[in-house]
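A short write-up of the structure that comes next.
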Amino acid sequence: MAVPDRSGRAREEKDVRAISTSTSTVSVGIHDISTATGHYALPLETLAAQHGIDPQKFLVGIGQEAMSLPAEDEDPVTLAASAAAPILARHGAENIRTVLFATETGVDQSTAAGVYVHSLLGLPRTARTVELKQACYSGTAALQFAASLVARDPSQQVLVIASDIARYALDSGGEPTQGAGAVAMLVAADPAVLELDPFSGVYTRDIPDFWRPNYLSTALVDGKLSIRAYIDALTGAWRDYREHGGRAFEDLATICYHQPFTKMAVKAHVALAEVAGQPVEKDVAAAQLADTLHYNRLIGNSYTASMYYGLASLLDHREDLAGQAVGLASYGSGSVSEFFSGTVRDGYRSHGRAAETRAGIEAREVIDYARYRELHEREVPVDGGEHELPRVTRAPFRLAGYSGHRRLYERNA
Ligand code: CAA
């Protein structure tokens, strides 16, 4: 606050300079990153056989092998809590002052899903919790907001969680691009994994490529338009990134893209490389991104979590990234895009969670088409009655049932 005396004006300017100096010297970023996915997996070969489609269309054409599906007693809240629990076990919760929950499959129109996660995890009452929505983009908004909070007060940490269940109608064009997953990140000063650059590029355009009205439990999409909208938004964000001091394309070791399906990342990389004046062929682009695609190829689209699953995949599969800059290309239909970057910290491998992420993916129960269809046709009861859910998930948290229009969560026994 300015001091109203004769030298007030000078004091005020000095204070502002002090703040900007202190924020610019604080390194802020991802201190830990942890994942969770759904209980079931449907191989896309199974879906292709059912629809009489050449499986190569899914395996090669869109670059997907399988998709994760939630158990009857899983939802975006339980996935989120399961992703975040290992972070709290490693770092404790006492410095967490904010929980930012990013999702486009929120469970309530009023209460932030993060409040249920906060409760399940036993986080301190002295924390603020809020939910953010803008299709698959909002995890990035959460991360940037978190970084600003930490820059303002480096003693604070922020828990950012991106969690979603991607659902399209049965037999629709979007059906092979479903999936489920959550990524939790601890944002802190002097981060152990990725230091975020202070500049980024942003882009917003009102475009009807993908949306979900409140009364639908599956998304609506114009597939071809969505691919064009993704590329337009991303190249727009890239140009803005460069105009705001962003790194040159060739200075990025690789780029983690939002991955509704892994082939989309390759398409985007070819387009971005062209705009950046460093054109690459499709197969070269695929090779440059290969380390970012492993997990998404197996779990499918996880909307807000998708790009961060790509980052986890990169960190778990590349050993030579210390000190190198990576790009992050975030897209949410509707549409908003952000391109940003960061530097991988020395010693990042020792903070990784590759074994846990792989175990989560490998532990999934593979189901056949009939079971998948039965699960897909289940709807959340709307009668406000008592509904106990079958005990299926082996994850640390579960949705036990519904009562009086409330969701009842519990720690898994
Ligand atoms: N062998 C190998 N490749 C084959 C093949 C075969 N037998 N048959 C087809 N292919 C290839 C096609 O050539 C095509 O490749 P290119 O795009 O490189 O040309 C690819 O497989 C897909 O084929 P189609 O375009 O014919 O597939 P489709 O009409 O069924 O639609 C889709 C694909 C648009 C992705 C659809 O699944 C969809 O709408 N998905 C949901 C929307 C989506 O994910 N959009 C992405 C951008 S929006 C976003 O990113 C936000 C978000 O998360 C939703």
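Each residue, glycine too, has its Cβ placed from N, Cα and C.
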Matching residue for the (3S)-3-hydroxy-3-methylglutaryl-CoA site, where TrEMBL names Asp54, Lys267, Asn301 - out of Tyr168, Tyr402, Tyr409: Tyr168
Local backbone state of Cys136 (active site, acyl-thioester intermediate), from DSSP in three classes: strand
Among Glu104, Cys136, Gly173, His258 [recorded positions], residue with fewest other Cβ within 10 Å: Gly173
Close-lying recorded positions around ligand 1 among Glu104, Cys136, Gly173, where CB distance stays under 6 Å: Cys136, Gly173
For the domain 'Hydroxymethylglutaryl-coenzyme A synthase N-terminal' (45-190), the mean pLDDT of the predicted model: 98
Structural state census, the domain 'Hydroxymethylglutaryl-coenzyme A synthase C-terminal' (280-349) (DSSP three-state): 35 helix, 18 strand, 17 coil
Rounded distance in angstrom between the Cα atoms of His258 (active site, proton donor/acceptor) and Glu104 (active site, proton donor/acceptor): 14
